[in-house]
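*Asks:* Reproduced below are the annotations present in Swiss-Prot:
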| type | residues | note |
| --- | --- | --- |
| ACT_SITE | E286 | active site, proton donor |
| ACT_SITE | E395 | active site, nucleophile |
| BINDING | W171, N285, Y361, W424 | substrate binding site |
| COMPBIAS | 59-77 | compositional bias 'Low complexity' |
| COMPBIAS | 93-118 | compositional bias 'Low complexity' |
| DOMAIN | 19-54 | domain 'CBM1' |
| CARBOHYD | N87 | N-linked glycosylation site |
| REGION | 57-78 | region 'Disordered' |
| REGION | 75-118 | region 'Ser-rich linker' |
| REGION | 93-121 | region 'Disordered' |
| SIGNAL | 1-18 | signal peptide |
Amino acid sequence: MRSLSSIALLSVVGAASAQAGPWAQCGGKSFSGSSECASGWKCQELNEWFSQCVPGAESTTPTVSSTPTPTDAPSVSITASATTGINKSISVSSASKSTPLPSSSSASPSPRPTGSGSFAKADGLQFSIDGETKYFAGTNAYWLPFQMNDADIDSVFDHLEQAGLKILRVWGFNDVNTAPSPGTVYFQLHDKEKSTSTINTGKDGLQRLDYVVAAAEKHGVKLIIPFVNSWDDYGGYNAYVKAYGGSKTEWFTNEKIQSVYQAYIKAVVSRYRDSPAIFAWELGNEPRCSGCSTDVIHGWATKISAYIKSLDPNHMVALGDEGMGLTIGSDQSYPYGTSEGNDFEKNLAIPDIDFGTLHLYTTDWGIKDNAWGNGWVENHAKACKAAGKPCLFEEYGMKGNHCTDELKWQKTSLSSGTAADLIWQYGQQLSTGESPKDAYSIFYGTDEWKCAVMDHMENVNKN
């Protein structure tokens, strides 16, 4: 997607001055605060920039690198704000309140999901899920981890399982710069005044994602979880920039920002690396670096994908991009170009990137003929075949008319050699009313649901 309207969601816990409080920073380069944690908590180093008080029996002082560093080195805390991709304006509902996340060796604020099933994997040009290698279909519901009502989450997974949709993409980020009102879900707070970040692992934080992962395990659905948004919705790059300086184009190479970003990745991956519900980790939602050399995103993606694999070698990793910068079949139009800093084929060749992703929004890209999308899908399938990796048709949609040209894109995806498709986006009635929606939403049980989902699933099952 392009940029969505967003509602920042926050709430933070303050730290004491004499001792660092629960989840507070207690060490790191250029950190001048207390390195002693409150009783029952210990100081654990997450990276050279940031050590955090996590549950533990004793207080310890972290080791700090003596390498010279800038005087404005970051301190990390995590908050929430929303972000997605396309030019879609959507209403966003709130979630809950919480605390930062401990490392995988520390006690977790809520039980980690441990369900049955096996890890999804790439199998040639296809995906294998729970031992079955075939074409799969799924959807996007970015808003699901921000729901506070467990029954709403269960209902969504009930409907997905009934429909046979095996893959669901949800936001694994929600970055904020200001604490939201109580009862609003956020995952990471980037304090602009203190240049610190805090991870929220409380009931209105990552514990909501915990429930989503557990529900996915129960229903046999696999999740794709991106770590940051290119767009300002739900925080995005700008939430980091507001706290640490620089610009969106500098986000990829800013040492302080990347340290905070990697600390968040470690917190989330460590939480779910043993879960069979994770289909793949994504570096971000629609990464873009406008006007940059394609080397910027390529270098960043090479480094971060390797880092994720070092934390979790069992799950797949993808970039989460739109598929821009493709030479195969190029008509020199905007999406085929590299103005947004992406080179699809170069990025796909990164060793730790397991599959390619492509998105499709003709209206948002200034394409007047929807039939253009068929070639877009086919050309990416050719690029993936050349690379020997699967292609995921990860986001696609139209503003209305979901039962016309959109169905042709689905048929092209089935016949061209892509491995799966995820329609944008799923909607249904929740306890609070309609789920967050945009012009692309397809609501459960409607006529559009039948044509765009149920009829498509019949074709998928015949494939």
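Cβ atoms are placed via backbone N, Cα and C, with glycine included.
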*Asks:* For N285 (substrate binding site), list the number of other Cβ atoms lying within 10 Å of its Cβ atom.
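*Replies:* There are 31 such Cβ atoms around N285 (substrate binding site).
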*Asks:* Just going by other Cβ atoms within 10 Å, which of the binding-site residues W171, Y361, W424 has the emptiest spot?
*Replies:* Y361
*Asks:* Can you give me the Cα-Cα distance between W171 (substrate binding site) and E395 (active site, nucleophile) in Å, rounded to a whole number?
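*Replies:* With the alpha carbons as reference points, the distance is 13 Å.
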*Asks:* For the residue listed as 'active site, proton donor', which of the recorded positions Y361, E395, W424 has the nearest Cα in space?
*Replies:* E395
*Asks:* Largest pairwise Cα distance, Å, within the listed substrate binders W171, N285, Y361, W424?
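*Replies:* Site span for substrate, by Cα atoms: 19 Å.
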*Asks:* Just how many other Cβ atoms lie inside 10 Å of the Cβ on E286 (active site, proton donor)?
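*Replies:* Its Cβ shell of radius 10 Å holds 28 other Cβ atoms.
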*Asks:* Could you round the CA separation between N285 (substrate binding site) and E395 (active site, nucleophile) to a whole angstrom and send it over?
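*Replies:* Pair distance, Cα basis, whole Å: 11 Å.
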*Asks:* If I take the alpha carbons of Y361 (substrate binding site) and the residue listed as 'active site, nucleophile', what is the distance between them in whole Å?
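*Replies:* Between the alpha carbons of Y361 (substrate binding site) and the residue listed as 'active site, nucleophile' there are 8 Å.
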*Asks:* Mind giving me a neighbour count for E395 (active site, nucleophile)? Other Cβ atoms within 10 Å of its Cβ, every protein chain shown.
*Replies:* 28
*Asks:* Taking just the CA atoms, what is the gap between the residue listed as 'active site, nucleophile' and W424 (substrate binding site) in Å?
*Replies:* 5
